[in-house]
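Features as listed in TrEMBL:
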type	residues	note
BINDING	L10, A11, G12, D70, D99	GTP binding site
BINDING	D99	Mg(2+) binding site
DOMAIN	7-155	domain 'MobA-like NTP transferase'
Amino acid sequence: MHKPLYGLILAGGRSTRMGCDKGALVYHNGKDQVRYLYDVLSQFVGRVFVSARDMQRSQPHLQGYNVIEDVRNIDSPLNGILSAMDRFPEAGWLVVAVDMPFINESAVQALCNARNPELLATCFSSPIKGGPDPLFAIWEANAKAQIESLVEKASITCPRKMLTLLDTHIVQDGIDAKVLSNINTPLEYSEVLS
């Protein structure tokens, strides 16, 4: 039986450098970033969820979405990923960070085409940061036990480091480096808009 693939918009960060919730920023035709990513992911997965901290749930840009609360005691995007795996343990998760405004249908299609569900994750190699890009990736359901073990026994909470230790399909090409860019500051945001 084929396991479902769900989408997860990682929106639980504190956005301290940006100074406001990055999910509420508008890049595309008047849509906030959560709405934009939701619309893109919905074309490729069975269901889309938004990962957020409890105190974010009342934010206007998160209303009307299926929110999975970050419930793990991990100060990392792995909190959102593991919280989603807790809620739907049978699903693989196509995750995208809310601060990646250049993600588009072509990029999601390329990631889905590269997916190897026999491994624990599929991602692109980031030409910008070097190594695997964990915040635009597919994390398979069967990765959960190994992720938890590495968090608990080795205190590894960096998702990039996690992917280097898991059996991961790292795609070396096939995506524009700009697509994997994160926008974290008001200056970067204004540069994207101009």
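Start at 1 and count along the chain as shown; that gives each residue its number.
Glycine too: its Cβ is placed from the backbone N, Cα and C atoms.
Features as recorded by TrEMBL, highlighted on the structure.
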residue: L10; record: GTP binding site; DSSP (3 states): strand
residue: D70; record: GTP binding site; DSSP (3 states): coil
residue: D99; record: GTP binding site; DSSP (3 states): coil
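Fewest Cβ neighbours within 10 Å among the binding-site residues A11, D70, D99: that distinction goes to D99. In this entry, L10, A11, G12, D70, D99 make up the residues listed for GTP, with the farthest two CA atoms of the set 17 Å from each other.
In the structure as shown, the Cβ atom of L10 (GTP binding site) sits within 10 Å of 28 other Cβ atoms. In sequence order, S51, A52, R53, Q56, D70, P77, N79, G80 are the residues of the chain that are 6 or more apart from G12 (GTP binding site) and have a CB within less than 8 Å of its CB.
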